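Annotated features, as they stand in Swiss-Prot:
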MOD_RES   Ala2  N-acetylalanine
MOD_RES   Lys12  N6-acetyllysine
MOD_RES   Lys34  N6-(2-hydroxyisobutyryl)lysine
MOD_RES   Ser107  phosphoserine
MOD_RES   Thr109  phosphothreonine
MOD_RES   Lys142  N6-acetyllysine
BINDING   Gly159, Ser160, Ser210, Lys211, Thr212, Phe213, Thr214, Thr215, Gln354, Glu358, His389, Lys519  D-glucose 6-phosphate binding site
MOD_RES   Ser185  phosphoserine
MOD_RES   Thr250  phosphothreonine
ACT_SITE  Glu358  active site, proton donor
ACT_SITE  His389  active site
MOD_RES   Lys454  N6-acetyllysine
MOD_RES   Lys454  N6-succinyllysine
MOD_RES   Lys454  N6-malonyllysine
MOD_RES   Ser455  phosphoserine
ACT_SITE  Lys519  active site
Amino acid sequence: MAALTQNPQFKKLQTWYHEHRSDLNLRRLFEGDKDRFNHFSLNLNTNHGRILLDYSKNLVTEAVMQMLVDLAKSRGVEAARERMFNGEKINFTEDRAVLHVALRNRSNTPILVDGKDVMPEVNRVLEKMKSFCKRVRSGEWKGYSGKSITDVINIGIGGSDLGPLMVTEALKPYSAEGPRVWFVSNIDGTHIAKTLATLNPESSLFIIASKTFTTQETITNAETAKEWFLQSAKDPSAVAKHFVALSTNTTKVKEFGIDPQNMFEFWDWVGGRYSLWSAIGLSIALHVGFDNFEQLLSGAHWMDQHFRTTPLEKNAPVLLALLGIWYINFFGCETHAMLPYDQYLHRFAAYFQQGDMESNGKYITKSGTRVDHQTGPIVWGEPGTNGQHAFYQLIHQGTKMIPCDFLIPVQTQHPIRKGLHHKILLANFLAQTEALMKGKSTEEARKELQAAGKSPEDFEKLLPHKVFEGNRPTNSIVFTKLTPFILGALIAMYEHKIFVQGVIWDINSFDQWGVELGKQLAKKIEPELDGSSPVTSHDSSTNGLINFIKQEREARSQ
């Protein structure tokens with residue numbers, strides 16, 4: 001594929017941007033088109049509620065949106081989409097298909113990898129998960145002392161942790177009949193020590209989530225958990241009743257002491273950051289029930305169908321992707337804020353930090369050359385209204401343009417005080433996007449200060465600080481209620497957004513070689529931390545850091 005910056009549609013957008021950038025004033029755009037909301041919004045009607053994508057508060061015109069859609073078409077987005085859904089090995093650096101869509105393929109339409117339909121295997125694992133969840137949640141599954149399971153501890157890292165953690169937090173209102181869930185990921189011993197201190201080994205079930213069963217952080221934490229467990233259980237055979245594996249390495253699983261019958265498989269065409277739909281989601285299913293887990297899958301499948309069949313002009317993931325391209329590659333924006341106005345979504349931005357930054361944080365194209373344009377943004381965010389009292393100042397009056405996605409449910413899970421809390425939350429959500437769009441003019445600020453009776457001295461001093469330029473772009477994503485179905489649809493929407501941007505940038509969104517180098521060096525450094533001899537095998541900084549740590553440890557041990 002030719003370089004993005006040489007693409008005729010890209011050049012057309014560049015020319016338009018340089019000629020018309022100064023004309024893109026959101027106040028004027030709204031004043032000039034009283035129907036702008038209807039022209040730049042999308043209503044997605046599902047059987048489980050509606051999702052509204054309002055992208056009217058973006059620095060775009062109908063001409064810009066059409067040029068962006070033309071760019072997507074010229075970069076082969078539609079063909080790439082079909083290659084993914086058809087099971088082609090689009091992750092070419094690892095020679096793998098990319099089929100998280102198969103994990104939630106509720107239609108059961110055959111999906112082939114190397115000529116073999118993967119759906120029978122997908123359904124077999126789902127049935128196994130369903131049966132296991134029923135036994136644990138009903139109390140039929142007993143621990144070594146005859147007690148039922150009250151706590152499930154998921155030990156994994158990256159995609160084996162972030163997805164299940166985010167979803168179990170988001171769907172807490174649906175967990176009343178399920179066991180509590182805990183997540184241990186960090187190799188820092190504090191994480192597992194603090195978690196184990198709260199647990200009873202007799203009623204704890206550990207899920208060890210590692211495809212290879214060799215991930216250093218996960219296996220170290222798993223061995224620590226097993227050691228803690230056996231201090232109470234004494235008998236190694238009891239491990240089989242309290243540990244299950246999400247893996248493909250039967251030999252290592254058996255060596256650990258886990259019954260292979262309690263090993264739940266997934267496949268090399270499931271990328272870690274897209275794996276919550278697979279057996280990696282076992283902690284989700286245990287916590288909220290398998291029926292709700294299936295609803296999560298169904299919501300994602302609904303979005304998959306929308307993404308696959310809807311024209312690009314009305315396609316939610318595509319529109320989000322194109323708006324991101326507009327800001328990153330033309331306005332020079334470097335970050336993207338995800339701001340969910342729902343406390344249950346407090347891990348949503350963290351989840352998509354991995355989803356987006358590990359996928360599109362690349363500078364090499366599929367042809368092996370360095371890109372000559374920006375790629376993936378820095379993704380960050382916190383729930384509203386907390387963020388308003390932390391970093392919104394910079395979004396409103398800072399020197400950086402930060403495109404934002406605001407998300408909120410119309411219905412709250414907790415209508416306490418006759419819905420007062422949620423009404424205030426909704427008002428803040430609506431006010432922020434309006435404020436970022438409109439700002440406050442010098443004249444408006446002047447009238448405000450006059451009405452407040454400020455002295456001439458205060459007036460002159462305060463006026464510049466009271467002005468808001470506005471013209472800050474936002475998307476508003478409003479949905480009926482945060483249900484398993486709607487959550488599944490929202491996650492899939494952002495997954496496909498990331499995919500579309502990767503296609504336009506001509507990068508492989510499904511490998512993660514950037515994770516490897518640090519791990520390789522850590523293996524070399526680990527034995528160098530033993531003993532007291534100074535280390536000289538690295539650069540002066542790394543040598544100095546290692547030797548400082550060794551000196552401090554030795555001094556404290558004397």
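All residue numbers here begin at 1 and follow the chain in the order shown.
Placement of Cβ uses the backbone N, Cα and C atoms for every residue, glycine included.
From a predicted model like this one, the values you see are computed outputs, not experimental measurements.
The structure, with features from Swiss-Prot marked on it.
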residue: Ala2; record: N-acetylalanine; Cβ contacts under 8 Å, 6 or more apart: none
residue: Ser107; record: phosphoserine; Cβ contacts under 8 Å, 6 or more apart: His301
residue: Thr109; record: phosphothreonine; Cβ contacts under 8 Å, 6 or more apart: Met119
residue: Ser185; record: phosphoserine; Cβ contacts under 8 Å, 6 or more apart: Ile155, Gly156, Ile157, Gly158, Asp161, His191, Glu217, Asn221
residue: Ser210; record: D-glucose 6-phosphate binding site; Cβ contacts under 8 Å, 6 or more apart: Gly156, Ser160, Thr218, Ile219, Ala222, Ala245, Leu246, Ser247
residue: Thr250; record: phosphothreonine; Cβ contacts under 8 Å, 6 or more apart: Pro260, Met263
residue: Gln354; record: D-glucose 6-phosphate binding site; Cβ contacts under 8 Å, 6 or more apart: Gly158, Gly159, Leu162, Arg273
residue: Glu358; record: active site, proton donor; Cβ contacts under 8 Å, 6 or more apart: Arg273, Gln512, Gly514, Val515
residue: His389; record: D-glucose 6-phosphate binding site; Cβ contacts under 8 Å, 6 or more apart: none
residue: Lys454; record: N6-acetyllysine; Cβ contacts under 8 Å, 6 or more apart: Leu462
Find the longest CA to CA distance in the recorded D-glucose 6-phosphate-binding set Gly159, Ser160, Ser210, Lys211, Thr212, Phe213, Thr214, Thr215, Gln354, Glu358, His389, Lys519; express it in Å as a whole number. 43
Across every protein chain in view, the count of C-beta atoms other than its own within 10 A of the C-beta of Thr212 (D-glucose 6-phosphate binding site) is 11
Measuring CA to CA, name the entry from the recorded positions Lys142, Thr212, Thr214, Ser455 that ends up nearest Lys34 (N6-(2-hydroxyisobutyryl)lysine). Ser455
Whole-number Å only: compute the distance from the Cα of Ser455 (phosphoserine) to the Cα of Lys12 (N6-acetyllysine). 52
Of all the recorded positions given, namely Lys12, Lys142, Thr212, Thr214, which is spatially nearest to Lys519 (active site) at the Cα level? Thr214
For a quick check of packing: other C-beta atoms within 10 Å of the C-beta of Gly159 (D-glucose 6-phosphate binding site), how many? 24
Using a 10 Å cut-off, grab the number of neighbouring Cβ atoms around the Cβ of Lys519 (active site), all chains included. 11
DSSP three-state assignment for Ser107 (phosphoserine): coil
Same-chain residues at least 6 positions away from Lys12 (N6-acetyllysine) with a Cβ under 8 Å from its Cβ, in sequence order, are Met67, Asp70
For Lys12 (N6-acetyllysine), name the DSSP secondary structure in the helix/strand/coil scheme. helix
Same chain, |i - j| six or more, Cβ under 8 Å of Thr214 (D-glucose 6-phosphate binding site); the result in sequence order is Asn249, Lys252
Going by DSSP, give the three-state secondary structure for Gly159 (D-glucose 6-phosphate binding site). helix
Same chain, 6+ residues apart, C-beta under 8 Å of the C-beta of Lys142 (N6-acetyllysine), given in sequence order: Ser148, Lys241
How many other Cβ atoms sit within 10 Å of the Cβ of Ser455 (phosphoserine)? 9
